[in-house]
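Following: one structure in C-alpha cells, then a few remarks.
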Amino acid sequence: MTLVSFFSFLSKPLIMLLSNSSWRLSQPSFLLVGIPGLEESQHWIALPLGILYLLALVGNVTILFIIWMDPSLHQSMYLFLSMLAAIDLVLASSTAPKALAVLLVHAHEIGYIVCLIQMFFIHAFSSMESGVLVAMALDRYVAICHPLHHSTILHPGVIGRIGMVVLVRGLLLLIPFPILLGTLIFCQATIIGHAYCEHMAVVKLACSETTVNRAYGLTMALLVIGLDVLAIGVSYAHILQAVLKVPGSEARLKAFSTCGSHICVILVFYVPGIFSFLTHRFGHHVPHHVHVLLATRYLLMPPALNPLVYGVKTQQIRQRVLRVFTQKD
C-alpha cells in the first residue's frame, strides 16, 4: 500500500463522518499565517523545514526498504523500527507539504474539513509514535532482563497485536478532536497563527464554549504522554537494575549500548514535544513565533532524525545501508 493510498484509506471514514448533515459545514475556510511576525523571513525558514522533510522521506523509506528486503532483520527490534518509520512518514507528510506551501508560495487557505483531518492525522500519529516507543522499551526490557525467552515472548504474533493496539489507541483516543471541533461556531476571524492546523490554535478561534475541547485536549496529552513516559521509565529502571548486576564493565557497556539508539529517539521525541506543549499552554511571555517554530520543527525533527540515529548507532542497519549504496551492480 502506497503512502497516498494509506492516507486515502484512513481519511475516507473521517470525511464521511465530517460530511454528516448535522455538522456545521457552512464554516468558512481557515487561513494559515505561517510564522507570525517573521513573514519576511519565511522563505529562509522553509529551507530547514524542507531539508528535514526530505531527510524524513529518504531516511524512513530506506529503513523500511532495508528491513523489508532482509529476512534476517525480521526480528522484534527491527519490526518495531519499521512501524516507527511508517508512522514518521505519515506524520511528516501530514505537516510538511502544507507548511512549505504556506511559507514558500503563500498558499494560506485550507478548507474546514481538510484542516480537521490534518489535525487528526498529526495528533493520532503522534500518539502512535509514542506507543511504538513504549513497545520498543518493552522489547529492550525483555531482551536484557529475559534474554532466553525473548523470541518466545515477542514472537511475530505478539508484535502484530502490539502494533494493532498502538494503531487502534491512536485512532480511538484522537477521533474526538475533530468531532468536538465540529460542534464549535467560528463567527469571527478564522486566521490560524500557525503553519498547520494546531488543535489549541483552532480552538481559540471559536466564539462558542470550548471548555470540553480544552479539557479533552489536556487530558489526552497528560494521559498518553504521562502513561507512556511512565511505562518507558519503569522498563528502563528494570533494565538499569539488571545491567548493574552484570559482572564486568565491558559487558555492562555492551548491554547499555543496545539501548543507546532507543534512548536517543526517546529524547528526540519527548523533550521537544513536552517543551512545546508547556510553552504553548503556560508560556504566555514567550513570543508567539517561538511557539510556532517549536511546534512545527517538533513534528519534523523526530521523523528526520530517527533514521539517522538508528543508521549511526545500529550496526546491522548501518552495514546494510552501506551495502545498498556501495553495490556495483
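Just so it is clear, glycine is given a Cβ too, placed from its N, Cα and C backbone atoms.
Marked as topological domain 'Extracellular' by Swiss-Prot: 1-43 (among others).
Residues or ranges marked as N-linked glycosylation site in Swiss-Prot (evidence: sequence analysis): N20.
The transmembrane segment feature in Swiss-Prot is assigned to 44-64 (among others); the stated evidence is sequence analysis.
Taken from Swiss-Prot, the feature topological domain 'Cytoplasmic' applies to 65-72 (among others). Through the fold, the topological domain 'Cytoplasmic' (65-72) approaches residues 78-79, 81-82, 85, 316-317, 320-321, 324 of its own chain, all at least 6 residues removed from its boundaries and within a Cβ separation under 8 Å.
Through the fold, the transmembrane segment (73-93) approaches residues 3, 6-7, 52-53, 56-57, 59-61, 63-64, 66-67, 121-122, 125-126, 128-129, 132-133, 135-136, 139-140, 143, 150, 154, 156, 159, 163, 166, 265, 299-300, 302-304, 306-307, 310, 316-317, 320 of its own chain, all at least 6 residues removed from its boundaries and within a Cβ separation under 8 Å. The transmembrane segment annotation in Swiss-Prot covers 73-93 (among others).
Secondary structure of the topological domain 'Extracellular' (94-117) per DSSP (helix as H, G, I; strand as E, B; remaining residues coil): 18 helix, 2 strand, 4 coil. Residues or ranges marked as topological domain 'Extracellular' by Swiss-Prot: 94-117 (among others).
Among the features that Swiss-Prot reports, disulfide bond is placed at C115-C207. DSSP assigns C207 (disulfide bond) to coil in the three-state reduction, placing it in neither a helix nor a strand. Counted within 10 Å of its Cβ, the other Cβ atoms near C207 (disulfide bond) come to 11, all protein chains included.
Only residues 6 or more beyond the boundaries of the transmembrane segment (118-138), in the same chain, are considered here, and those with a CB under 8 A from a CB of the stretch are 7, 10, 14, 77, 80-81, 83-84, 87-88, 90-91, 94-95, 98, 110, 154, 162-163, 165-167, 169-171, 173-175, 177-178, 181, 196-199, 202, 220, 224-225, 228, 231-232, 235-236, 262, 265-266, 269-270, 273, 299, 302. Residues or ranges marked as transmembrane segment by Swiss-Prot: 118-138 (among others).
The topological domain 'Cytoplasmic' annotation in Swiss-Prot covers 139-157 (among others) and rests on sequence analysis. Residue counts for the topological domain 'Cytoplasmic' (139-157) by DSSP state, with H, G and I taken as helix and E and B as strand, are 16 helix, 0 strand, 3 coil.
If one looks beyond the transmembrane segment (158-178) by at least 6 residues along the same chain, the residues whose Cβ comes under 8 Å of a Cβ in the stretch are 14, 17-18, 76, 79-80, 83, 116-117, 119-120, 123-125, 127-128, 131-132, 135, 138, 199, 216-217, 220, 223-224. Per Swiss-Prot, the feature transmembrane segment maps to 158-178 (among others); the stated evidence is sequence analysis.
DSSP places the residues of the topological domain 'Extracellular' (179-214) in helix, strand and coil in these numbers: 12 helix, 2 strand, 22 coil. Residues or ranges marked as topological domain 'Extracellular' in Swiss-Prot (evidence: sequence analysis): 179-214 (among others).
The transmembrane segment annotation in Swiss-Prot covers 215-235 (among others).
Packing against the topological domain 'Cytoplasmic' (236-255) from elsewhere in the chain are residues 137, 140-141, 144-145, 263: each is 6 or more residues past its ends and has a CB under 8 Å from a CB in it. Look at Swiss-Prot and you will find 236-255 (among others) tagged as topological domain 'Cytoplasmic', backed by sequence analysis.
Taken from Swiss-Prot, the feature transmembrane segment applies to 256-276 (among others), supported by sequence analysis. Tertiary proximity for the transmembrane segment (256-276) is limited to same-chain residues at least six positions away from its ends with a CB under 8 Å from its CB atoms, namely 84, 126, 129-130, 133, 136-137, 140, 143-144, 225, 229, 232, 236, 239, 243, 291, 294-295, 297-298, 301-302, 305-306, 309-310, 312-314.
Annotation comment: Swiss-Prot describes 277-291 (among others) as topological domain 'Extracellular', evidence class sequence analysis.
The transmembrane segment annotation in Swiss-Prot covers 292-312 (among others). Remote same-chain residues near the transmembrane segment (292-312) are listed as 34-36, 45, 48-49, 51-53, 55-56, 58-60, 62-63, 81, 84-85, 88-89, 91-92, 95-96, 99, 122, 126, 129, 193-196, 198, 261, 264-265, 268-269, 272-273, 275-276, 279-280, 318, 321 (criterion: CB distance under 8 Å, separation of at least six residues from the stretch ends).
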Integer mean pLDDT for the topological domain 'Extracellular' (277-291):
70
According to DSSP, how is the topological domain 'Cytoplasmic' (313-329) divided among helix, strand and coil residues?
13 helix, 0 strand, 4 coil
